[in-house]
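Only one structure is covered here, and it is reproduced in the block below.
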Amino acid sequence: MFDKKNLKAALRLYAVTDNAWLGERTLASCVEEALAGGATFVQLRDKHAAPDALAAEAAELLALCRAAGVPFVVNDDVECALAVGADGVHVGQDDMACERARALLGPDAIVGVSTQTVEQARAAEAAGADYLGVGGVRGTATKPEAGVLAPEEFRAIAAAVDIPIVAIGGISGDTLPLLADLNVDGAAVVSAIFAADDIAAATRELSRIMDEVLPR
Ligand SMILES: Cc1ncc(COP(=O)(O)OP(=O)(O)O)c(N)n1
Ligand SMILES: Cc1nc(C(=O)O)sc1CCOP(=O)(O)O
Ligand SMILES: [Mg+2]
């Protein structure tokens with residue numbers, strides 16, 4: 001299990017998987033490339049997999065992340081996270097409640113919660129969330145229905161809680177510099193990593209830009 005005292009640093013470059021961009025590649029090879037390029041956190045996000053297939057993907061990615069010393073969480077599916085022994089889950093406002101996920105997974109697991117408002121952020125922290133996913137930074141074809149927050153909204157959420165925050169939505173090399181003014185701790189990225197032909201190089205470049213935007 002990942003040691004949560006290192007969580008804030010681990011959220012820096014958070015890779016969220018997307019099978020839409022696999023082409024001839026396997027999910028495992030794509031995640032291996034992201035890890036080689038410097039991804040510091042991995043979330044398995046597969047909204048279409050049947051439970052058995054999701055568990056198989058999760059077991060494979062967990063092994064890769066363990067070998068790299070990087071935390072691994074499952075999107076939405078707490079049962080899957082429990083079954084494979086993942087480091088935790090990421091749940092949104094329409095998913096299993098944070099309290100219930102925490103009760104099922106225990107105190108050592110990572111529970112991340114998506115929030116778009118100060119009220120939701122405070123509620124998630126009180127319910128035992130370890131970090132917040134806040135977005136979007138920009139609109140994104142990966143999740144067209146996701147809203148976009150103003151910089152003041154990010155800053156208000158950051159000021160309202162003591163847990164770390166990862167920004168999400170429309171983050172690429174071009175938009176990553178926007179994070180400098182948002183008071184967040186990291187960037188969660190889907191397409192700018194997994195849609196790349198060279199995932200390792202794309203991740204490395206995001207990591208390089210991140211070092212300029214949010215110096216360690
Ligand atoms: C790090 C991170 N932040 C936000 C989300 C979005 O979660 P949610 O609102 O539950 O939407 P889906 O991802 O389930 O479509 C996330 N996955 N990761
Ligand atoms: C999964 C998800 N959640 C979002 C939110 O705003 O809560 S945006 C998003 C998708 C982010 O994809 P990309 O990095 O390709 O823009
Ligand atoms: Mg969800």
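Cβ coordinates come from backbone N, Cα and C, glycine included.
Among the features that TrEMBL reports, domain 'Thiamine phosphate synthase/TenI' is placed at 13-193. Mean pLDDT, taken over the domain 'Thiamine phosphate synthase/TenI' (13-193), works out to 98 on the 0 to 100 scale.
Annotated 4-amino-2-methyl-5-(diphosphooxymethyl)pyrimidine binding site per TrEMBL: GLN43, LEU44, ARG45, ASP46, LYS47, ASN75, SER114, LYS143, in sequence order. In the three-state DSSP scheme, ASN75 (4-amino-2-methyl-5-(diphosphooxymethyl)pyrimidine binding site) is classed as strand. Under 8 Å, Cβ to Cβ, and six or more positions away along its own chain, ASN75 (4-amino-2-methyl-5-(diphosphooxymethyl)pyrimidine binding site) finds VAL16, GLN43, LEU44, ARG45, ASP46, LYS47, VAL89, HIS90.
According to TrEMBL, the feature Mg(2+) binding site maps to ASP76, ASP95. Listed in sequence order, ARG45, LYS47, VAL89, HIS90, VAL91, GLY92, ASP95, MET96 are the same-chain residues at least 6 apart in sequence whose CB falls under 8 Å from the CB of ASP76 (Mg(2+) binding site).
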Within a 10 Å radius of its Cβ, which of these binding-site residues (ARG45, LYS47, LYS143) has the fewest neighbouring Cβ atoms?
LYS47
Widest Cα span across the 4-amino-2-methyl-5-(diphosphooxymethyl)pyrimidine binders GLN43, LEU44, ARG45, ASP46, LYS47, ASN75, SER114, LYS143, in Å?
16
How many other Cβ atoms sit within 10 Å of the Cβ of ASP95 (Mg(2+) binding site)?
17
Cβ under 6 Å from ligand 2: qualifying binding-site residues of ASP76, ASP95, SER114, LYS143:
SER114, LYS143
Let me know the DSSP-derived helix, strand or coil state of SER114 (4-amino-2-methyl-5-(diphosphooxymethyl)pyrimidine binding site), please.
strand
Those binding-site residues, LEU44, ASP46, ASP76: which ones have a Cβ sitting under 6 Å from ligand 1?
ASP76
